[in-house]
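Here is the structure we will look at, set down as structure tokens.
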Amino acid sequence: MAATEILNRADIVKAPQVRLAPQPEKPSLIGLLRDDIAKLLAEKGVPERQVKMRVSQLWHWLYVRGVSDFDEMSNVSKDMREMLKEHFTIARPDIVEEQVSGDGTRKWLLRFPPRGAGRPVEIETVYIPEEGRGTLCISSQVGCTLTCSFCHTGTQKLVRNLTAEEILSQLLLARDRLGDFPERDTPQGAIVPAEGRKITNIVMMGMGEPLYNFENVKTALLIASDGDGLSLSKRRITLSTSGIVPEIYRTGEEIGVMLAISLHAVRDDLRDMLVPINKKYPLKQLMEACRAYPGLSNARRITFEYVMLKDVNDSLEDAKELVKLLKGIPAKINLIPFNPWPGTNYQCSDWEQIEKFADFINQAGYASPIRTPRGRDILAACGQLKSESERMRKVDRLAFEAMMIANHGED
């Protein structure tokens, strides 16, 4: 088989035998802060003098060792393990499908159990291996309310917010599948960084608007960055928003991770059409929130995402206005060649025009990387994620190029 055929082939891995997702009446300990775990243990009769120690044990097993079965907690007494099994769960979501691109990009379709009177829901999580690092793209909602006109996810109505458990479980499951916990083996065929952690960066850039699910996203990211557990540096966590201005201020004050803005236009009239939330929070308000974001410097910049749409927002005049708009903000501008999907009215800018746009911005003093094509054979690209119930047939999706999220977060 020719090398090009191998690189353009998507390997679909059937769902492995995994522990079934939890029943809704059994609360999960995943996604709970220490104080919340302590309260639950006390309610179940754990003596007050033992609660703090038990919480520390559980935290270590959940987030350092990555176990998904209470019986694996070898330094926890048998009676305690039986109580935990009876009342709680730490199971992972079901893997419906795992797809592996020829370039090593992995996409998981995950199913979470019903919540209340709801139905099971499915979301997608994507892993992008690169030399020296690996980035996990995490979803925050099932569907999206923002209806950005160029985004495939935006054509799927919002079903519900993901819980902190469901957000964090995407990271835990990915680390499981990549052998990224102690004493876990890397799966055969996985393309991962040669040394150190397999997942070094996470980006909240999957399905949904993270800041419309602020509290759950906040809890999940605080746990992910906790130094006694998963221990991801906040400089390696990037939250992307379309511009929910009040929560941008809260993100800086309460979470403190890196910020990315889905900008895509430099004029309010055009951004109103491309990113309708702009009608509520126009560019002036958005830029004020960005300038006020805590800790900005040349080493800690805001990433501005700009999808390149042919004859829509890709002129040199647009580039000039972009430089003017961002004046005074430590920034990096990620240029995203548009990822086509069935039914879209947009086209990707010509490559020559993208390079001219990038050169102008670069000469003005801004880093302006063009996203590297990744996962093009598995529809894993920015703006293309959708749950399986909304998915096109494989023969259709293989007709469309996709470009995987890359170059996000700080090294």
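A Cβ is built for glycine as well, from the same backbone N, Cα and C atoms used for every other residue.
For Cys382, the entry in Swiss-Prot reads active site, S-methylcysteine intermediate, with the evidence type sequence analysis. Here Swiss-Prot flags Cys144, Cys148, Cys151 as [4Fe-4S] cluster binding site, drawing on sequence analysis. Taken from Swiss-Prot, the feature disulfide bond covers Cys137-Cys382. Annotation source Swiss-Prot lists domain 'Radical SAM core' at 130-379, citing sequence analysis.
Counting other C-beta atoms within 10 Å of each candidate's C-beta, the recorded positions Cys137, Cys144 are led by Cys137. On the 0 to 100 pLDDT scale, the domain 'Radical SAM core' (130-379) averages 90 in the predicted structure. In this structure the alpha carbons, written CA, of Cys144 ([4Fe-4S] cluster binding site) and Cys137 (disulfide bond) are 16 Å apart.
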